[in-house]
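Quick notes on the structure that follows.
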Amino acid sequence: MPGFNGNNCQTNIDDCAANPCVNGACTDGVNSYTCTCTAGWQGTNCDSNIDDCAANPCVNGACTDGVNSYTCTCTAGWQGTNCDSNIDDCAANPCVNGACTDGVNSYTCTCTAGWQGTNCDSAITNCAGNPCVNGACTDGVNSYTCTCTAGWQGTNCDSNINDCAANPCVNGACTDGVNSYTCTCTAGWQGTNCDSNIDDCAANPCVNGACTDGVNSYTCTCTAGWQGTNCDSNIDDCAANPCVNGACTDGVNSYTCTCTAGWQGTNCDSNINDCSGNPCVNGACTDGVNSYTCTCTAGWQGTNCDSNIDDCAANPCMNGACTDGVNSYTCTCTAGWQGTNCDSNINDCSANPCVNGACTDGVNSYTCTCTAGWQGTNCDSNIDDCAANPCVNGACTDGVNSYTCTCTAGWQGTRLQFDIDDCAANPCVNGACTDGVNSYTCTCTAGWQGTNCDSNIDDCSGNPCVNGACTDGVNSYTCTCTAGWQGTNCDSNIDDCAANPCVNGACTDGVNSYTCTCTAGWQGTNCDSNIDDCAANPCVNGACTDGVNSYTCTCTAGWQGTNCDQDINECSATNNCAVCQNLVPSYFCVCEISSYEGILCTWAVIGTTTYRVPATTTTTSRIAAIAICAGLDEGGGFLGEPLAANLPTILTKVVARSTFVSGFMWLNVVRQSGSTWVYGATGTVATTNFEFEANVLDNCAVMRVSDFKWIIVSCTSFTADILCQRAITGKVVSP
């Protein structure tokens, strides 16, 4: 079997013997090995250095690969293992007099006031103008300092100094001079500034201490151990009984203790450690007062634990010699025995000396009973079962109590007389198998390929789905079409117009969409919204009715045309007007003399004259109008009630041909008791009915001559022209 050697192929070959793992540890397998690489190496034999620069660790620099390491060569201005730390160019404080702003391999200085230069190390000269009048100028930073000559002061040394201003005479009166002063001292003081106290300690009054001078007095600070005004009395340092375990002797600022046995220390308060000399050789020491006690470790005894206990005294070694130790012993056993006390027989079979057999232990010996196929003292010699040449048509391989025949290719059987059926294992997964000699041939079913017909042919490889995703099957494929496409290969555009979405228009198919071209008058995505043709208000003088791509105008009176923007020329029709004046939106007719009259010239007035009386400055009322008309030479009266029957007679050729002074004319439209008039409306043409305002007592409706429209006024306070009419002799209906 590969990977083993030895007479019985029982030894695994050490595949690591040749040290295949260049940089790593080798673990042996069976006919193989596994390398555990040291850090920084990879590959089957750990002979490929891992590129530690592959991850580009050097942020601002060049990377040099090592073994499980890398080295970065940083570009200028950067530092650190990965060149990711900007070097602080301000660290050396280059800006001598200013603030430093770090850059990359550079810095910028913002100078404090008075300094200039790249490093703010050049002072600006402030003494250039000689500002110090009586002194020397010293340039500063954004400033200057004047050192004044004696007797002068001020920023520019231009002010005389008052030498007494500082009160130099500490204990006296000051008299100012020029760059000088004189002090007159008070009692007890002396000196130029009266600041020197007379020394009361000059006689050394303090015997054991320091003297502090006062004003005409002194104070003694005594040295340690002395007291009193002049420090001449010794303090008793034993008064507090400081010696805990001993007698006290007083000194000067000190004392001495004479300790009793077992005590020590300045105050005899520390027990002497009797264990300090380590008297217990093999044990722990416990200190007492002028004594100690030893606790011995195992195996030792005596006052100082310095005597070894004999552990062999009890003869513990049953089959051997005893050697004493410290709290232990060692047995040297005779042949065939083992154990701490040499009381256990050694099992000579424990090493399994019988390789292929059963072991029987003896005294310092063993006996092997071999299993079938093995022989020898240790049953480690395999009996050769091929010695009799049992394999007729093949090579014999010896086994253990057996043999194996290795047949020539294509044959089997004990005597190697049968051809092996290579199709017996059904190797053709999706196809028919044809047996050969030590071989077979597969004929694949549709959709499969490969030696064993176990590889599905990719029916999607030709990209059959033109507009969709392909899913492979066995000798088939399925297309999942993108929106808007259909068919086996998604190559047929879905007709989005099939449902006739365009209600009033033509449909143009797109891909998963459609476009409607609306017929005239329609709009919207689906052409289902009628365009409001009236939205632009095309009917100038009329009401608009919307249609489909059209509209219809219903014109108000006097207008015509598609958009009601054409005035009807009433004068174009056949009438009896002598002179016809077209108005917007009506007309006015001047009738033929002595023939027709009225707005339509349909009434014949016989023997009647209508004319106007110019307005006067007197307030005109209905009563005044009647009186004026009645006073005419030919006799006449105010125009009659404007009833439907005679209203056309009111506006005659007199109105049309005359120029009115006031711009208004009276008509008989005043409401009278017992009568109700419902003709006219304010602001309408005088041929129509009146509004309700006329149905108020003493209200009058007058006609505005400029446009023949009614207005409502108070009859008692309105001035206008008066329209009068002669007596009516008769009327006939015009032919």
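In case you wondered, yes, glycine gets a Cβ from its N, Cα and C as well.
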According to TrEMBL, which residue among C479, C481, C507 is joined to C497 by a disulfide bond? C507
C342 - recorded disulfide partner, TrEMBL, among C333, C349: C333
Averaged over the domain 'EGF-like' (49-84), what pLDDT does the prediction give? 92
Between the disulfide-bonded residues C285, C296, C349, C370, C460, which lies closest to C26 (disulfide bond), Cα to Cα? C349
Give me the long-range Cβ neighbours of C211 (disulfide bond): same chain, 6+ apart, Cβ under 8 Å, in sequence order. C201, N204, P205, Y218, T219, C220, T221
So, by DSSP, how many helix, strand and coil residues make up the domain 'EGF-like' (86-121)? 0 helix, 13 strand, 23 coil
All chains considered, the count of other Cβ atoms within 10 Å of the Cβ of C370 (disulfide bond) is 19
If you measure between the CA atoms of C63 (disulfide bond) and C481 (disulfide bond) and round to the nearest Å, you get 52
Candidates C285, C433, C490 (disulfide-bonded residues) - the one closest to C370 (disulfide bond) by CA: C433
Treating G and I as helix alongside H, and B as strand alongside E, what does DSSP give for the domain 'EGF-like' (234-269) in helix, strand and coil? 0 helix, 13 strand, 23 coil
Here the 10 Å Cβ neighbour count for C63 (disulfide bond) comes out at 19
